[in-house]
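**Student:** The structure under discussion is supplied below as structure tokens; questions concerning it will follow.
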């Protein structure tokens, strides 16, 4: 693509040394919580036969995606916070961009599947086991990963076909399509619209599907209330919190081309760091079955 830029400089969240130390401590603890919390969920679901329902199978996959998502950006960010020169090679930048959108889009699709699972459990309880069979769950999860891969390929191709021959400073702490393509030595009007129609519309459409699913669920709950419905509604409340933390920042970042704001970096922190940190807390603190299984696992480990 006739690029002469061999590396990019990541400006990070701040150039003040004292703030960098504070950020390093915060993000190191956050990354540790993501790894430990999500690994605990995966081990708990895999070792307890009582957690074999589709909702926990999907939760296990969500935890794995959260680990992958934060591992794409956090280790590099922690290293840069301790480095004087925050440089990243062109190839490494493109690789980070690819994997970020790969796992990010896969998580969007998976959260949508989880909403469909809750809709089926509440609105069609008699057909739930047939609709959400183990085979159907594997197909849906595979489709999420395939959709994420196709989305990421498109975003990466939109980026690498651009020439980079001048500025190489990225005003962020990781490589992403919006800040990278703005460094291209060409008109990016069409590319920005394609980027918005790809990432932005995927975020918006998935979010609208989720809102529609939960609307149907609330309508159903109002019509007939049973203990099982209240239990499913409690699970839905956890899903809604996770959806808001993830989709609102993504829609804000990717659905508006041609503009950038100083607050964008802080918004990126929400869906790359805070959302993976909060998911284990959201899905465990509001779920008695998971908490009971974790307690049994803890007692077995102590013995």
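Backbone N, Cα and C define each Cβ position, glycine as well.
According to TrEMBL, the protein has these features:
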DOMAIN    37-283  domain 'G-protein coupled receptors family 1 profile'
TRANSMEM  20-43  transmembrane segment
TRANSMEM  55-74  transmembrane segment
TRANSMEM  94-116  transmembrane segment
TRANSMEM  136-154  transmembrane segment
TRANSMEM  201-221  transmembrane segment
TRANSMEM  233-254  transmembrane segment
TRANSMEM  266-285  transmembrane segment
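Show me how these features fit into the shown structure, please.
**Tutor:** Long-range contacts of the transmembrane segment (94-116) within the same chain, counting only residues at least 6 positions beyond its ends with a Cβ under 8 Å from a Cβ of the stretch, are 55, 58-59, 61-62, 65-66, 68-69, 72-73, 76, 88, 140-141, 143-145, 147-149, 151-153, 155-156, 159-160, 174-177, 180, 199, 202-203, 206, 209-210, 213-214, 239, 242-243, 246-247, 250, 271-272.
Cβ atoms under 8 Å from those of the transmembrane segment (136-154) belong to residues 54, 57-58, 61, 98-99, 101-110, 113, 116, 198-199, 202 of the same chain, restricted to positions at least 6 beyond its ends.
With a threshold of 8 Å between CB atoms, the same-chain residues lying at least 6 positions outside the transmembrane segment (266-285) that come near it are 13, 27, 30-31, 33-34, 37-38, 40-41, 59, 62-63, 66-67, 69-70, 73-74, 100, 104, 172-174, 176, 238, 241-242, 245-246, 249-250, 252-253, 291, 294.
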**Student:** Any residues 6+ beyond the ends of the transmembrane segment (201-221) with a Cβ under 8 Å from its own?
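**Tutor:** Beyond its ends, the transmembrane segment (201-221) has Cβ neighbours at 105, 108-109, 111-112, 115-116, 118-119, 122-123, 151, 229, 232-233, 236, 239-240, 243, 247-248, 250-251, 254-255.
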**Student:** Tell me, what is the mean pLDDT of the domain 'G-protein coupled receptors family 1 profile' (37-283)?
**Tutor:** 85
**Student:** What same-chain residues lie close to the transmembrane segment (55-74): Cβ under 8 Å, and 6 or more beyond its ends?
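**Tutor:** Distant contacts of the transmembrane segment (55-74): 27, 30-31, 34-35, 37-39, 41-42, 45-46, 96, 99-100, 103-104, 106-107, 110-111, 113-114, 117-118, 121, 134, 137, 141, 144, 173-174, 235, 272-273, 275-276, 279-280, 283, 290.
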